[in-house]
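The feature domain 'Major facilitator superfamily (MFS) profile' is assigned by TrEMBL to 38-509. For 517-538, the entry in TrEMBL reads region 'Disordered'. According to TrEMBL, the transmembrane segment annotation covers 30-48, 109-127, 139-160, 166-194, 206-225, 231-251, 312-336, 386-405, 411-431, 451-473, 485-506.
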Amino acid sequence: MANNLDTARNIPPGVWLIRKIRGKDWSLKTYRYMVLLITFIAYTSYHASRKPSSIVKSVLDPEPDKALNVYPWPIGSVFLKDEILGKNKYKSEYTGWEPFNGKGGTKKLGLIDVAFLACYSLGMYGAGHLGDTLDLRLFLSSGMIGSGIFAGLFGMGYFWNIHVFGFYLVMQMVAGLFQATGWPSVVAVIGNWFGKRKRGLIMGIWNAHTSVGNITGSLLAASVLEYGWGWSFIAPGMFIALAGVLVFLFLAPYPEDVGFPCPNVPAARAEAVPRDVESQAQSEGIVEKGKNAPIREVSGVRRSVGLLEACMIPGVLSFAFCLFFAKLVAYTFLYWLPFYLSQTEIGGEYMSVKSAGNLSTLFDVGGIVGGILAGHISDKLRARAITAASFMYAAIPSMLLYRIYGSFSQTMNIVLMMIAGLFINGPYALITTAVSADLGTHSSLRGDSRALATVTAIIDGTGSIGAALGPLLTGFLSTKGWNTVFVMLMLSALIAGLLLSCQVVAEINDKTSKLMRSTSGLQSSEVPPSQPLLSEQR
């Protein structure tokens, strides 16, 4: 056994210092709040560092008669009827940045996006297994600092006057690999600290960091754009690097690391740590008086599982392939909704590109509500698959109504867009958070394995492939008309729901059997003792 309990438990240095200063430990509730806050900030910074590329595209490859001194929301105006960017009053002499401003520049920008998503998706599978094998705190903080470094290096291309396409391509590819460390790690940490009872609701609210990160990234990137587009990458890069330092100092990925029992470890394994370790912890003041729960095994004791072993956990592949199509739909709206709005006559008028981009953010607002609602419903019903499948099926008529009636007026468009966002992003948020955490702590693991990050990586990595494929398909299908695109999206939502059929049937059978057992038990209690049951008479 290790000589120093703090070392054995991997107590974060910031927490250790606060303990020494205060002379006592925090409560379990305080630790949970701290874990929620730190992981929220962490993934907010991940999304913020991905946003600069969309902000500076019009700078690297400016369209004719477009200016650079009018910034996107939330710095600029929210809705504009006139496309002021095209007026001579705001016209800029800036001609873009080689190699993106020449022939095929737009394709090169698209290739960078595809390369980033491809490395992110593939890197997710390896990152999940590494997250379960290595120290989650060190793994997550290293990934965040690495993401910040390569985001900053992309921006340094401006100051170093680099015009080689390969440099920017490599920076984005490596950044994609580092970005893959984020999601499996933060979901694993939340899953380690919170049991299944209210996991859906908690994670639904917590999942708002995605939209907060997008808005934060837009603010950071746009606010420094006037000083050179390089700063739009450096500023978010510094943000995620500093957040990585925060994670290193204060994040405890496992309750056992700070002397609390893990909610996912069976009671039979409660005494995994020898008595001498427990007595040493008490003598050092690590365990407060009045804590009756014994110290569980340290986080490093449990073994990790391999990719194939994680795939064999019941439900993992079903939800992974469901998320492939769910993310295909969600990311198509994310990347193409502003363009669709600018190309569609709404209330007899066409809106500007800027107004379309601002209006499209309301889709995310509906998505936040959908994520919270789906999590809450799944907690109440204790049926993740039924909830996710129901939302996917409901997304089909919502998209159809949006396509048919969304052009009647701006008000109608906003209402139907938010409803579509609710049903599309609801199951996407549920599967990537609560479902992944549930499956990573599945009963088949018997509490002796660490599979949270690996399972999350398999599910979200598969979904990210769909996220890359959806916008790519839309680019081709949109040339045949938007009706074709919406048919593709509705078919994808239908397939996503059908892929959960086995899980839905299993949950219905489980609930039916429980209902029958409770009903038969009630009937048995109502029969007088002197009167035998019907089955006994027969």
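The count begins at 1 with the first shown residue.
Any Cβ shown, glycine's included, is placed from N, Cα and C.
Note that this is a predicted model, so its numbers are computed, not measured.
Residues 42, 45-46, 49, 52, 97, 127, 130-131, 167-168, 171-172, 174-175, 178-182, 185-186, 189, 228-234, 236-245, 247-248, 251, 253 of the same chain, all 6+ positions outside the transmembrane segment (139-160), place their C-beta atoms under 8 angstroms from a C-beta of that stretch. Counting Cβ pairs closer than 8 Å and at least 6 residues apart in sequence, the transmembrane segment (30-48) and the transmembrane segment (231-251) reach three or more and so form a contact.
Taking Cβ pairs closer than 8 Å, the transmembrane segment (312-336) reaches residues 363, 367, 385, 388, 392, 395, 420-421, 424-425, 427-428, 431-432, 435-436, 439, 442, 444-445, 451, 455, 458-460, 462-471, 473-474, 478, 485, 489, 492-493, 495-497, 499-500, 502-503 in its own chain, all 6 or more past its ends. The average pLDDT computed over the domain 'Major facilitator superfamily (MFS) profile' (38-509) stands at 80.
Panel annotation: around the transmembrane segment (206-225), residues 36, 39-41, 43-52, 55-56, 59, 68, 71-75, 190, 231-236, 239, 361, 364-365, 367-368, 371-372, 375, 429, 432-433 of the same chain, lying at least six beyond its termini, place a Cβ under 8 Å from a Cβ of the stretch. Counting residues 6+ beyond its ends, the transmembrane segment (485-506) has Cβ neighbours under 8 Å at 315, 318-319, 321-326, 328-329, 332, 336, 384-386, 388-390, 392-393, 395-396, 399-400, 403, 424, 427, 470, 473-474, 477-478 in the same chain.
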